Structure formats: C-alpha cells, structure tokens
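Before any comments, here is the structure.
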Amino acid sequence: MWWQVIGGLVVIVMLPLVAPHTQSASFVFTHFETSPEATGISSKPYAVILSVLLSNYCLYGYDTAAHLTEETRGADRTGPIAILSSIGMVSVFGWAYYLALTFSIQDFNYLYDVNNETAGALVPAQIIFDAFHGRYHNSTGAVVFLCITWGSYFFCGLSVTTSAARVVYALSRDNGIPFSPIWRRIHPKYKVPTNAVWLCAAISIILGLPILKLDVVFTAIISINTIGWVGGYAIPVFARLVMAEKNFKPGPFYLGRASRPICLVAFLWICYTCSAFLLPTLYPIQLKTFNYAPIAIGIFMTLIMLWWAFDARKWFKGPVRNIDLGNGHS
C-alpha cells in the first residue's frame, strides 16, 4: 500500500514538473483523438466505448476488499466501508495519474509513431520518456519512474493473487472445485490457505507466459478476467432487483430506498462493461488483433455448464456451513 501511495504521489507530482512544457486544460479536457493510424479506429463513439475498459479494470481493488471481509471483525459494516474506501482511493489516484500523464504529453503524434522509443505500443512509458529526455536529455529518470510503475504492477499482482486464492479457498470449503480437500488446507503456522495461493500463482504464470510473444493473449486474459469478475456481481445485484421486499433482510449498512435504483444502475453498467470487453480494440481484424475473449468465454462456459449438467449438480449442494451457530465453535 505504501509503495502505491508514495510511488504514485511521486509520479503524479513530479512528472508535470519535469516535463519541458505542459498541455493546456482545454487540450486535456476537450481535445479528442482516435489515432486511426495506430489503432485503425476512427469512430469517436466506438473510441468512447473502449475508453471505459482500463478504468473499469483498475477498480479491481474493491473486489479484494470484499473477499477479505470475512477475516475482519464486524464484516457486515467494515466490509462495505472498505469497499467504498478502496473505490474512492483508486478513483482519486487514478484520476490524478491520468491528468499527470495527459498534461505532460509533449508531442501527441509522436506517441503512436512506430519508430519512437517504445515502438508506438507503450504510450504512458513514452510520455514519461519524452518528459525526462526533453528536460535532461537522458532517460535515467524515466527508468526510475518505470521501476515505480513496475513495482505497482507487482504489488497489484500480489493483491489479485490474494483475492483469487480466497475465492479458491471459499469454493473448496464448499467442495465446489476438483481436489477441494487440497486447496482448503490451512498452513498450521501461518494460518493461510497456502495450497490455494500456490495454485493461483501457478495458473497466473502459465497464462502469462504466452504474453511474452503474443499481445492478443494479454487482451484476451484481461477481458476474460474482468468479465468473470464484474459479471459475477450481476447475479446478486439482479437478485436484489427482483426479490420481494418482504423477503429482504437489510444489514447495518443499508441504502434504504436508494438501494433498488442503485442496483439498477449497477446492473446496467455491468451489462455494458461486459459487452465492451468483448469488442475488438484494434482494426482491421486479423489474427494478431482479434479479441479472442468471446471464443474463450464461450468454450469455458460450455464446459462448465456440461460439467454441471452431467456431474456437479448431483453432488454440489451450495455453501457448506463451517460454523456451529449454536455454540460458536467451528
């Protein structure tokens, strides 16, 4: 957390100060570019639709807060507070980071030039390089800033792995995945599901290796992960929309009359973002630019439904209570 906060503040504050010149507010807030030469996209509405993808993926932090609430006291109250706090912090820092980058652009046309220092593929890195090279005529500062960014990615990966391991652990407690007794095993000393952690780390490594050679794999993985994560929340949100009010038992953190309108907006937003992640991000559509997420999701959903129809429905009975409410012992 401290790396993210301190490192993020250093980049946000220092980058515009280092840049030889900064863009005007009118350029940052009103100028619209689609860069059809680099992306093949000239439609402004289509570009706006795709623009929400990165911000939606960056809000992943609240998902980790949700998974870790069961390990806190008073989770019915502290959980929602943690979720809202993470959304607030990510929104503020993310907005500030984007402003720092866009105000520090030196030559917009050069950002997507395939002959630039990042081959036109890494725009944020190119912005940072242009700022430092334009001021000091060397790239040392840019390398330092990119190391800060790399550290942020590393800790983000740890956070995602932690969240994924908690999901695996929770499902294995309910016997919901193959070899559940292995994944729900708790380390006797550290009291964490180490087997579940190693499983998630191994899967991440296996999925990540093709990215070294194929950029489309990265796009597909990001799309699949975010659709699975965001789409999972659509189920309880939709259930709250259609549930009779007499059957709903509110907890201590309750939105009252605003709950249904907020659920409706949230459900529509989930449908929108999940649909957007299935769209191609580069044109013309070729083997190297095709978004394989729809195919991958279709295959996995088919396999999962077949597994449910022919096997899992016969033995999976839902969540297993692991706490005796009568005496408070597990």
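Here the Cβ of each residue, glycine as well, is placed from N, Cα and C on the backbone.
Record features (TrEMBL):
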type     : residues : note
SIGNAL   : 1-24     : signal peptide
TRANSMEM : 44-60    : transmembrane segment
TRANSMEM : 81-100   : transmembrane segment
TRANSMEM : 142-171  : transmembrane segment
TRANSMEM : 192-212  : transmembrane segment
TRANSMEM : 218-242  : transmembrane segment
TRANSMEM : 262-283  : transmembrane segment
TRANSMEM : 289-310  : transmembrane segment
Revision key, fill the gap. Sequence-distant residues near the transmembrane segment (218-242) by C-beta distance (under 8 Å, 6 or more away from its ends) are 53, 56-57, 60, 63, 207-208, 211, 248, 259-260, 263-264, 266-267, 270-271, 273-274, 277-278, 281, 291-293, 296-297, 300
Practice item. Mind checking which residues of the chain, 6+ beyond the ends of the transmembrane segment (262-283), have their Cβ under 8 Å from one of its Cβ atoms? Key: 39-41, 46, 49-50, 52-53, 56, 219, 222-223, 226-227, 230-231, 233-234, 237-238, 240-241, 255, 289-291, 293-294, 297
**Study point:** Sequence-remote partners of the transmembrane segment (289-310) [C-beta within less than 8 Å, at least six residues beyond its ends]
**Key:** 40, 216-217, 219-220, 223-224, 227, 277-283
Practice item. Take the transmembrane segment (192-212) and find every residue of the same chain, 6 or more past its ends, with a Cβ under 8 Å from one of its Cβ atoms. Key: 157, 160-162, 164-166, 168-169, 172, 182-186, 218, 221
Check your understanding: Which residues, given as numbers and ranges, are at least 6 beyond the ends of the transmembrane segment (142-171) yet have a Cβ under 8 Å from it?
Key -> 3-4, 7-8, 10-11, 14-15, 60-61, 63-64, 67-68, 124-125, 128-129, 131-133, 177, 180, 183-184, 193, 196-197, 199-201, 204
